[in-house]
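**Student:** Quick one: the structure is below, questions incoming.
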């Protein structure tokens, strides 16, 4: 059995509060993100021109896939923000983006009212939601990892992932009521906006992770003691280490295999 320098068998009150707030936030984030997915067939008829079934299917697929276009860029952006500004900042930004997109979608005029402008606005909202979602769950998992130590760390991080899946499931239930129960579909997105605002407000009480704060302070002190500019760190060969592009591409394609198959099946189940 592996021995850790400082084992942690249970979470402190502060850690439980952090895990709870992050779990709720991830739940809300993925509830808002997947709400459109579960209502795709219905909403595509409202926000896209009516065409033959094959074209309608392609438009639905395009609207679905648009949310994943900026995900790699979102990982770079929020990775930079998390490493240079702070872990907490990523949660506040991602929650604000998701709430703004959900609010826009709830109040967006239909294709019959705005024409292609409505279609473009809907796709933009989906793209921004995709960018936000990747920064949310990864940022939350990093935060919990730095706040806790093994073995209590493992179930704490897993809770974040589970709450994301739970948000997806609840979005399916709400979408079913909205589309099959003759309920105004905009209510579902207004509801998503409200809970996103509540979750974002609650997260403001979170503090920066001690590991991130200490590492940043120690690095600054080392450079001050050596009378060096911290910007020179960018010239460090470790920081500028060359990446094997072929290996990176291979790992990328391997990691894409299961989500690709899952979401193709997931998308066509929604349609049919």
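Glycine residues also receive a Cβ, built from the backbone N, Cα and C atoms like all the rest.
As listed in TrEMBL for this protein:
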- 18-272: domain 'Major facilitator superfamily (MFS) profile' (DOMAIN)
- 21-43: transmembrane segment (TRANSMEM)
- 55-78: transmembrane segment (TRANSMEM)
- 90-108: transmembrane segment (TRANSMEM)
- 156-181: transmembrane segment (TRANSMEM)
- 187-206: transmembrane segment (TRANSMEM)
- 248-269: transmembrane segment (TRANSMEM)
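Quick one: how deep are these features, and who are their neighbours?
**Tutor:** Cβ atoms under 8 Å from those of the transmembrane segment (21-43) belong to residues 60, 63-64, 67, 91, 94-95, 98-99, 101-102, 105, 122, 126, 129-130, 132-133, 136-137, 140, 143-144, 159-160, 163-168, 170-172, 174-176, 178-179, 185, 188-189, 192-193, 195-196, 198-200, 202-203, 205-206, 266-267, 270-271 of the same chain, restricted to positions at least 6 beyond its ends.
Residues 22, 25, 28-29, 32-33, 35-36, 47, 78, 81-82, 114, 118, 121-122, 125-126, 128-129, 131-133, 135-136, 139-140, 143, 186, 189-190, 192-193, 196-197, 199-200, 203-204, 206 of the same chain lie 6+ residues outside the transmembrane segment (90-108) yet bring a C-beta within less than 8 angstroms of a C-beta in it.
If one looks beyond the transmembrane segment (187-206) by at least 6 residues along the same chain, the residues whose Cβ comes under 8 Å of a Cβ in the stretch are 18, 21-22, 24-25, 28-29, 31-32, 35, 39, 88, 91-92, 95-96, 98-99, 102-103, 105-106, 143, 174-175, 177-178.
Same-chain residues lying 6+ beyond the ends of the transmembrane segment (248-269) with a Cβ under 8 Å from its Cβ atoms: 37, 40, 60-61, 64.
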**Student:** May I ask for the residues of the chain that lie six or more residues beyond the transmembrane segment (156-181) and have a Cβ under 8 Å from a Cβ within it?
**Tutor:** 11, 15, 19, 22-24, 26-35, 37-39, 42, 137, 140-141, 144-145, 147-148, 187-188, 191
